[in-house]
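Engineer: Quick one: this structure, given as structure tokens, is what I'll be asking you about.
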Amino acid sequence: MSSSPVVSRDILEELQLYTAQNLEKLEVNKYYEVIRELGKGTYGKVDLVIHKIRGSKMALKFLKKKSTKLKSFLREYSISLYLSPCPFIINMFGIAFETDEYYVFAQEYAPSGDLFDIIPPQVGLPEPVAKRCVHQVAIALEYLHSKKLVHRDIKPENILIFDKECRKVKLSDFGMTRRAGSPVKRVSGTIPYTAPELCDTSKHDGFCVDYSTDVWAFGVLLFCMLTGNFPWEKAMPSDTFYEEFVRWQKRRTGAVPSQWRRFTDESLRMFRKLLALEQERRCSVKEVFAHLGHRWMLDGTSGNHHQSVLNSSSEEDELLVDRMKQQTLSPTANTSNAIEPGSANHFTSMSTNSSVSSTNSYERSARDSPPTSRILVTTPIEICV
């Protein structure tokens, strides 16, 4: 196990180097038919396209050269490709190129959008649907963590769905992903998913990336899915709802916080572990597997519990590099050598959160069949129910 971080480091660096050496400048319209824009933002856009040679739908992610360093583009693309063997992580087509204005890569298209679209505000998803989604996201995070990587931007906008019942979901957007233990600069601003240790403005020197921040965000995500609300606006003493939760976590009061009273004792035990105030005391995301067979909501029903096993090996890593080297990054590549996702008709979307915590903040364009769900609101009045 001690050699795993070194293996991951070498492979990611090799993928980045290979991509940089083979990055071609192309005209998008020559190889793709643009169907529509899926989203746009400060850093770029995402288009739904049809590959003129393969005839397959895919999503092209465009990152503006003016605001994106080549190093950042290469890192996001390489990490995405490196993680794509996991069936619960968005798949890649092995296509990366540049235009005069953008760095571009292609990934699969999910027709049902993202998780944010289907969570009814102040209601939440039915418990069986939420459990299906949570189970798959937990597997994806366990896989990512087994590769010594931390996502750092877990939220509904970054979980793509392939049907409204969440029978198939995938984790996406690895622009913020870094190796565990890497030093990073402190980011100004917070979102409800930000762990308390990252909200501490008294620490100005930055911090080291840690798995526990993903665990915290995962716990908040679970709350949002089940309730349609955020538990707080920010994990800071100035937030009344967070402080109420802190008193309960520290067992200074026996009363369950008002917005947590809808949960069963079993699920509250799960939340205590996922949202431990001290990061070293947080459990891993796989802790949720032990609770899938129990009821989570006082007025809900239990979903089905299916055990899943993660198999991660260095052989799998080497196979990915070999596949990468056997093809060109160009969209003109022979289709027989291309890396194809496991299924067609997928969608990728970017984060809609305007927080500077994400390097990829996008506004989603209207779809042909817009979802009926409203936007999750984050004002204090809406949070406390």
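Here the Cβ of each residue, glycine as well, is placed from N, Cα and C on the backbone.
Quantities reported herein were computed from a predicted structural model and do not represent experimental measurements.
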Engineer: Among K25, K61, K65, which residue does Swiss-Prot annotate as binding ATP at the site that also has L38, G39, K40, G41, T42, Y43, G44, K45, V46?
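Structural biologist: Swiss-Prot lists L38, G39, K40, G41, T42, Y43, G44, K45, V46 binding ATP, and from K25, K61, K65 it also lists K61.
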Engineer: Between 0 and 100, where does the mean pLDDT of the domain 'Protein kinase' (32-297) sit?
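Structural biologist: Mean pLDDT for the domain 'Protein kinase' (32-297): 94.
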